[in-house]
Amino acid sequence: MSVISLSSPIFSSLSPVIHSHSPHYFHLSLPVLFILTCALVYVTLLEETPQDTAYNTKRGIVASILVFLCFGVTQAKDGPFTRPHPAYWRFWLCVTVVYELFLIFILFQTVHDGRQFMKYIDPKLGVPLPERDYGGNCLIYDPGNTSDPFHNIWDKMDGFVPAHFLGWYIKTLMIRDWWMCMIISVMFEFLEYSLEHQLPNFSECWWDHWIMDVLVCNGLGIYCGMKTLGWLSMKPYQWQGLWNIPTYKGKIKRIAFQFTPYSWVKFEWKPASNLRRWLAVLGIIFMFLLAELNTFYLKFVLWMPPEHYLVLLRLVFFVNVGGVAMREIYDFMDDPKFHKKLGQQAWLVAAITVTEFLIVVKYDPNTIMLPIPFFIMQCWILGILLILTWTLWRFFIREQRKHCPPPDAEMALVSKTL
């Protein structure tokens, strides 16, 4: 029997938790099974099956997904999060499986069939849509427009501004590191510069890139996220049973805190501490950027307008599964002796990110293969060479020098021996 030491890294950054009762949740397996059985009995015995093949196919697929979700919510393995209820996170784990299976199905279709299949979800889809160009007139103050010289700024104030802020606020809560968030934020703007010849959507004004995105929306979201992380790390995690609280105000407060973490783990990525952590952090940044790019390329190749509800649902999906995946990645990286394999949610999120990219490559290879301008390619090659050079120096050359004694000490040791 293995014993876990309290000095293990898994406990080093864990906030103390005090509770006056054992955490207990009502098990839903039998009630869910009973309700599911009643629903199937009703459909079989009391409902007349419509003579519409397309409708029956849709309803059969939806029913199959719902049965799988019911099974997963009651029987799947719990992840690292337990609040507000373990069943909530089991539900999103099963949604992750369903979404990956949907992507695999789309990947195996022809380009035409895959795009037309989207009409089964929404009849308005399956039609090519022009991408909006965010470039054009980049004057902050336009003297030619006497009625509203700042119209270029107001034109950019759409629903994506609060979405940028909220998105980076949530990403900060997932990553829990200011430097990593800022690197990903800045790197994505460089990617937009590099790929605007492929997607017109990436063509933005310089102040839209660096002022509105990086400084205002992303920067403010990261700042508020770090403030929230500070509060969560300092918050006392002392739990008391709802029925043990005497006042109604205390009960309401306890219900509200049910939607906060049960305990808190501070992420200490330490990328320069060893090669394994350095490569893990580089991999996390790469996958984050790839998932961000997939958002734009998927709607481009599947002909979905930016404001379509499927685009929003994908973002909501990643909000709910991203935090669990990041926690599982951190645990696997920080204490591989205890966490011997990558967590289930992290595995699925990585598979989804890769599958989305493969769909983009298959459905529109001409756009992906458009040559990057030479000067941009030079910048990326230079950046990659700098990273490789620093990696070799930090983890190989410098480490080798540390283990080699200086020449003077070596001569002194020889003379002492003689």
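From the backbone N, Cα and C atoms, a Cβ is placed for every residue, glycine too.
The feature transmembrane segment is assigned by TrEMBL to 25-45, 57-76, 88-108, 178-195, 207-226, 278-297, 309-326, 346-363, 375-393.
Remark: the transmembrane segment (346-363) makes no contact with the transmembrane segment (375-393), by the rule of 3 or more CB pairs under 8 A. Counted over residue pairs 6 or more apart, the CB atoms of the transmembrane segment (178-195) and the transmembrane segment (207-226) come under 8 Å in at least three pairs, which marks the two as touching.
If one looks beyond the transmembrane segment (207-226) by at least 6 residues along the same chain, the residues whose Cβ comes under 8 Å of a Cβ in the stretch are 134, 138, 140, 156, 161, 164-173, 178, 181-182, 185-186, 189, 192-193.
Counting same-chain residues at least six beyond the ends of the transmembrane segment (25-45), those with a Cβ under 8 angstroms from any Cβ of the stretch are 63, 67, 70, 73-75, 85-87.
Same-chain neighbours of the transmembrane segment (57-76): 27-29, 32-33, 36, 43, 87, 90-91, 93-95, 97-98, 120, counting only residues six or more beyond its ends whose CB sits under 8 Å from a CB of the stretch.
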